[in-house]
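See structure below.
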Amino acid sequence: MNLAKVWNSTLGTMQIQISRHEFNTWLRRATLISLENGVATIGAPSAFFKEGLENRYIGPLRELIGNLVGFPVQVRVIIAPPAPVAAEHRLASREYGKDDDMPDLDESPGYAAANAQQGYVPANGYANGASNGSGMHNGNGNGNGYDRLNMQQLEFSSAMRSGMLNARYTFDRFIVGSSNRLANAACMAVAEHPAHAYNPLFLYGGVGLGKTHLLHAIGNYALDRDPEINVLYVSSEKFTNDLINAIRRQQTEEFRIRYRNIDILLIDDIQFIAGKESTQEEFFHTFNTLHSAGKQIVISSDRPPKAILTLEERLRSRFEWGLIVDVQTPDLETRTAILRAKAEQMSTHIPAEVIDFLAHRIQSNIRELEGCLNRVAAYAQLIGAPVSTEVATAALNELLDTTRRKRVTTEAILREVAEFYGVDLRAMQGRGRSRNIVVPRQVAMYLLRVETDSSLMDIGQMLGGRDHTTVIYGCEKIGEEINSDSRLRQEVVTIRDRLYQRAA
Ligand SMILES: Nc1ncnc2c1ncn2[C@@H]1O[C@H](COP(=O)(O)OP(=O)(O)OP(=O)(O)O)[C@@H](O)[C@H]1O
């Protein structure tokens, strides 16, 4: 039994099933220590993490490991700090920089409690996201030496450029298609002419579509051209945590010096500062200082400024000063190109038909595309077979179908679709044929078909007593249109994301 393979494969699945924050917080530093006599022993870095793992993930881990090894297992968690370079047992976190600002020293429950007492709860819901330091890049950094994770199959160079910029996130490695062409061009312009092209540049789009990649690409590009330039990449959560720590340690002056002496500020996921008054206040002054000094600011968010509720008006208006550009969900061609590029970087051979299969099957976002590709490669390695469409089907069925189908109910789909399109649920389930009802109804048919085990007949019954040919027509229509109509694709992806968020 190869422990590393079992653990990599387990993590690969978990990485897709739970949010990135959860994964990075709880599982990233766990290791599978042994698998003997039907007991899988998992090592957690501290008592805090041991308890977190036990409370949250024993069930899913038991199921996943059991499925992989082919017999039922019990899961036991013990405290065992990971060995320094146990790369085999680790999994690549593909979001370097953003979530790798894991607490080094302040990860104890005591810290969490301290934050909670002050009323500061990081946006990821875990009161443990302490600061790691500056994250400032002036071309002289040495890498931060954090406990990085590394999935064997990927064999990516995961070198972090001068600390917090991921050297892998460059323009060269960013595949451009119709969904991200504008965003890519705007970022390129900013990287070439900081503070002269668009300032600020505000980038928004759904999860896993490449916003972070583009922010890092700007930083990497600018540093290549001028190694003396000061580039700071920071998530808004880290900004918040740094501020909290600075206030706690009475070091707000240092905080200001650090954040206001930058040539290019790249701030990720700004939506998380919504509702946080003192963070907004501080960010407002940081923004003004930088902007009036002719420094570049690039901001990313999951939605446009107008849609960030509880964002102070003065910040919102500043975000709208420059250029606002969105990143959309990728079309089939772009998904295929991205998969091809990722597959080339892997040691496992991925045949063209598997790429095609994955590109058709995974429509939501690029992180999920990557995750599924990794999962398929890991699964093939585990069962000792070459990657094929059958292997990919088996790997993904287990992943996408079983777990999701269990969680998402037909009622939830109907409700979510009706709510999303703002139509009356009863009308959607009725006989009416007005256009504003027909599209939501077909989307519901499609999602019921893809996300649940409902039969065509059942789906027809749920949606106005229609026969199964009408349901097939509706499903096929949406299935085809989402490949060419980016707006419809985004709508379906958003509904699905909401469903999973609620079901999680
Ligand atoms: N066009 C692309 N070409 C190649 N890789 C991409 C592309 N877009 C995204 N990726 C990859 O997909 C993964 C997810 O991208 P990224 O983290 O940048 O998404 P994001 O939009 O910041 O997501 P979130 O909103 O969740 O923070 C990364 O590994 C990134 O390198």
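A Cβ is built for glycine as well, from the same backbone N, Cα and C atoms used for every other residue.
A TrEMBL annotation is a machine prediction, not a hand-curated record.
Per TrEMBL, the features are:
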{"type": "BINDING", "residues": "Gly208, Gly210, Lys211, Thr212", "note": "ATP binding site"}
{"type": "DOMAIN", "residues": "197-325", "note": "domain 'AAA+ ATPase'"}
{"type": "DOMAIN", "residues": "409-478", "note": "domain 'Chromosomal replication initiator DnaA C-terminal'"}
{"type": "REGION", "residues": "1-107", "note": "region 'Domain I, interacts with DnaA modulators'"}
{"type": "REGION", "residues": "164-380", "note": "region 'Domain III, AAA+ region'"}
{"type": "REGION", "residues": "381-504", "note": "region 'Domain IV, binds dsDNA'"}
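Applying DSSP to the domain 'Chromosomal replication initiator DnaA C-terminal' (409-478) sorts its residues as follows: 51 helix, 0 strand, 19 coil. In three-state terms derived from DSSP, Gly210 (ATP binding site) belongs to neither a helical nor a strand segment and is classed as coil. Of the listed binding-site residues, namely Gly208, Gly210, the sparsest Cβ surroundings within 10 Å are found at Gly208. Per-residue pLDDT, averaged along the region 'Domain IV, binds dsDNA' (381-504), amounts to 85 for this model.
For Lys211 (ATP binding site), other Cβ atoms within 10 Å of its Cβ number 26. With DSSP states grouped into helix (H, G, I), strand (E, B) and coil, the domain 'AAA+ ATPase' (197-325) comes out at 67 helix, 24 strand, 38 coil. Shown in sequence order, Gly205, Val207, Leu209, His213, Leu214, Ser300, Val327, Ile366, Arg367 are the same-chain residues outside Gly208, Gly210, Lys211, Thr212 whose Cβ sits within 8 Å of the Cβ centre of the ATP site.
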